[in-house]
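Heads up: the structure comes next, in structure tokens.
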Amino acid sequence: MKRNDPCWCGSNKKWKHCHYPTKPERPLDNLRQLYASRYDIIIKTPEQIEKIRKACQVTAHILDALCEAAKEGVTTNELDLLSRELHKRHNAIPAPLNYGHPPFPKTICTSLNEVICHGIPNDIPLQNGDIMNIDVSCIVDGFYGDCSRMVMIGEVSEIKRKVCEASLEALNAAISILEPNLPLYEIGEVIENCAAKYGFSVVDQFVGHGVGVKFHENPFVAHHRNSCKIPLAPGMIFTIEPMINVGKKEGFIDPINHWEARTCDHQPSAQWEHAILITDSGCEVLTLLDK
């Protein structure tokens, strides 16, 4: 690294005017302090990582069971009741329950068709042709896991199938580039390019986020094109959860329940989510189900 190169910390200053002579291969304690002070990002310790890994696996197992139970004729309230049973079985706490203002009333989010995210379970049976995102967030021994998946009910339309596939493809494409020192904005670039292949749009009202010690931490991970140059570092844990719309990217919040976000043109939306750890050589998908 040369003195006139941009500093590895993402400050947009030259290395000689910033962290010179400290190189990117810096001691982990220094890295942890730097990211806490500069970005308010928690670089997790090995002990924290192990506990977050456990929370993420519990979260993934609960999500898998809920997706298996999501069938035509089942209500999302019934899925919420199953979620409560599964959380108890795993000695886990559902993070969404009573979270926020107004308090979220259920243990999971179930977002159908044109609902972008934060759908509230209800007594309406699932119908043939529905697509649904189930979002599960668990607290296990004080640490958090977070992931979501799309479910297709019966025979769905070609456009609904495509938007589900596009969201998953965008998530996997973003994960494939993750490594230390990658600028955060590269994630949004990859996702935008993936959505554009299908002629779809990327929601920019909601973002991924740091997770593990808290439910929502820094950094906020934009899925659209942006200019965030924070470099990824080993020990960072965050979600990537691209929300892809068939039509326009804009959505609106339900004026009655103040939670559900819907597409403004009532076109379908899809989302997949994983929690990911940045490692020394790449990344680990913590919510990838280990059966």
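Backbone N, Cα and C atoms are what each Cβ position is placed from, and that goes for glycine too.
Between the candidates Asp123, Asp146, Asp265, Swiss-Prot assigns the divalent metal cation 1 site shared with Asp135, Glu273 to Asp146. Among the candidates His90, His101, His118, His209, the residue that Swiss-Prot names alongside Asp146, Glu241, Glu273 for the divalent metal cation 2 site is His209. With a 10 A radius on its CB, His118 (substrate binding site) counts 22 other CB atoms from all the protein chains. If you take the Cα of His209 (divalent metal cation 2 binding site) and the Cα of His216 (substrate binding site), they are about 6 angstrom apart, rounded to a whole number. Counting other CB atoms no more than 10 Å from each candidate's CB, the binding-site residues Asp135, Asp146, Glu241, Glu273 peak at Asp146.
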